[in-house]
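Grabbed the feature section from TrEMBL, which reads as follows:
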type: BINDING; residues: GLY14, SER15, GLY16, LYS17, GLY18, THR19, ARG125, VAL134, TYR135, THR198; note: GTP binding site
type: REGION; residues: 34-63; note: region 'NMPbind'
type: BINDING; residues: SER35, ARG40, GLY88, PHE89, PRO90, ARG91, GLN95, ARG169; note: AMP binding site
type: REGION; residues: 124-161; note: region 'LID'
type: DOMAIN; residues: 125-160; note: domain 'Adenylate kinase active site lid'
Amino acid sequence: MAKLFRAAIMGPPGSGKGTICKRIAQSFDLQYLSSGHYLRESIAANTEAGVLVRSYVERSMMVPDHVMTRLMLPRLEQLIGQSWLLDGFPRTLSQARALNSLCQLDLVISLNIPYETLRERLSDRWVHAASGRVYNMGFNPPQVKGKDDVTGEALIQHDDDKPEALLSRLRYYKDVAKPVMDLYKSQGILHAVSGTETDRIWPYINSLLSAKMHMQPSDAFQTQTPP
């Protein structure tokens with residue numbers, strides 16, 4: 001029986017966590033677990049947790065720790081015998097401690113992206129609100145400008161993706177993320193990755209995961225990796 005492997009990715013808004021996570025999940029056969037997906041799913045299903053989540057989202061407020069853990073931990077308990085990759089959880093020290101009470105992570109990757117790169121990415125980012133699909137006008141534009149590729153519905157740009165809001169978001173992320181990273185650093189599982197392009201940081205992440213999992217990844221993205 002293969003050894004279970006649990007990992008998480010951390011990074012500021014616009015760091016490309018979702019893109020990296022999907023690439024890792026496909027290459028290493030891990031389940032990709034996005035907290036954003038579970039948040040939207042709970043709201044759409046109008047669950048008890050979803051009603052709580054909606055009350056914060058509609059006011060553009062951060063979903064508090066007790067709601068996030070109430071939403072995420074039961075999902076993770078259902079996957080206790082599987083390997084997975086987390087995106088968007090844990091975000092705070094309280095969430096990290098709650099997760100530790102359920103299971104121990106094997107690896108945490110922290111993405112360090114320069115401010116200017118984040119600003120450019122977010123200013124070009126448009127989102128399909130219902131599904132969470134993200135488009136970038138620079139390198140991943142929709143087929144029809146302003147429209148979601150799947151549904152044809154209008155795309156939106158979040159107010160907090162605009163340059164004037166970015167600095168405060170980054171300050172908040174750094175303040176909240178530092179204790180989490182300190183915790184995982186003390187456990188010897190934190191690995192920081194710096195860069196501006198997914199293809200340039202992928203070889204390091206690819207090698208890191210290969211070493212940690214003692215296996216060879218699939219060839220799914222090998223041809224896209226730059227020499």
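Quick reminder: no glycine exception, Cβ is built from N, Cα and C everywhere.
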In the domain 'Adenylate kinase active site lid' (125-160), how many residues does DSSP assign to helix, to strand and to coil?
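So the counts come to 2 helix, 10 strand, 24 coil.
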Just report the maximum Cα pair distance in Å for the recorded AMP binders SER35, ARG40, GLY88, PHE89, PRO90, ARG91, GLN95, ARG169, no decimals.
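Spelled out: the longest distance between any two Cα atoms in SER35, ARG40, GLY88, PHE89, PRO90, ARG91, GLN95, ARG169 is 21 Å.
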Compile a sequence-ordered list of residues in the same chain as GLY16 (GTP binding site), six or more apart from it, whose Cβ lies below 8 A from its Cβ; state 'none' when nothing qualifies.
LEU111, ILE113, ARG121, THR198
Tally of helix, strand and coil residues over the region 'NMPbind' (34-63) according to DSSP?
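Summed over the region 'NMPbind' (34-63), the classes give 21 helix, 1 strand, 8 coil.
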Should anything in the same chain at least six residues away from the region 'NMPbind' (34-63) have a Cβ under 8 Å from its Cβ atoms, list it; otherwise answer none.
18, 21, 70-72, 75, 86-89, 91, 130-132, 159-160
Near ARG169 (AMP binding site), how many other Cβ atoms are within 10 Å of its Cβ?
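I get 16 for this one.
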